[in-house]
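Residues or ranges marked as compositional bias 'Basic residues' by Swiss-Prot: 7-19. Marked as ubiquitin cross-link by Swiss-Prot: 14, 16, 120. The citrulline annotation in Swiss-Prot covers 4. Annotation source Swiss-Prot lists symmetric dimethylarginine at 4. What Swiss-Prot lists as N6-lactoyllysine is 10, and the listing cites similarity to another entry. Residues annotated as N6-(beta-hydroxybutyryl)lysine in Swiss-Prot: 14, 37, 119 (among others). What Swiss-Prot records for 76, 96, 119 (among others) is N6-(2-hydroxyisobutyryl)lysine. Positions annotated as N6-glutaryllysine by Swiss-Prot: 100, 120 (among others). Marked as N6-crotonyllysine by Swiss-Prot: 119 (among others). Residues or ranges marked as region 'Disordered' by Swiss-Prot: 1-22.
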């Protein structure tokens, strides 16, 4: 007897993605494919796409959290490029990482040089008191 009967074979386990094994939302399989197709190296280790997907997921979560806070500060429920710009430029480390990046429709940080602000003179206060 060959053992290929219906009752003899084991049921195949449900497929489990590498992303779910690593506890990630970002696609490990797709990152692996892109690493192979991108001609970055002749061979790609099994851990490399997992690590890269984890790093990308962390950076994305960090930026989105700060952008969500910026949107909430502006009393908005939808994140727009302006919120991403404010989030990145107000964070020292993200600003350094993405210093050369231009965000379309991002605008600029509000900034007025101290010299251009009106001077607070005490002569007006003394004149009113007399």
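Yeah, the Cβs are placed from backbone N, Cα and C, and that goes for glycine too.
Separation of the C-alpha atoms of residue 14 (ubiquitin cross-link) and residue 96 (N6-(2-hydroxyisobutyryl)lysine): 44 Å, rounded to the nearest whole number. The recorded positions 16, 76, 96, 100, 119 include none with a CA atom within 10 A of the CA of residue 37 (N6-(beta-hydroxybutyryl)lysine).
All protein chains included, residue 16 (ubiquitin cross-link) registers 8 other Cβ atoms within 10 Å of its own Cβ.
Within the group of modified residues (10, 76, 96), the Cβ with the highest number of other Cβ atoms inside 10 Å belongs to 76. Of all Cβ atoms in the shown protein chains, 5 besides its own fall within 10 Å of the Cβ of residue 100 (N6-glutaryllysine). Cβ neighbour count for residue 119 (N6-crotonyllysine) (all protein chains, 10 Å cutoff from its Cβ): 5. For residue 120 (ubiquitin cross-link), the count of additional Cβ atoms within 10 Å of its Cβ stands at 7 [all protein chains shown]. Following the DSSP three-state reduction, the secondary structure of residue 14 (ubiquitin cross-link) is coil. Each residue contributes its Cα atom, and for residue 100 (N6-glutaryllysine) and residue 76 (N6-(2-hydroxyisobutyryl)lysine) these two points are 27 Å apart. Residue 10 (N6-lactoyllysine) and residue 76 (N6-(2-hydroxyisobutyryl)lysine) have their C-alpha atoms 54 Å apart, to the nearest angstrom.
Taking residue 16 (ubiquitin cross-link) as the reference point, none of the recorded positions 76, 96, 119, 120 has a C-alpha atom within 10 Å of its C-alpha.
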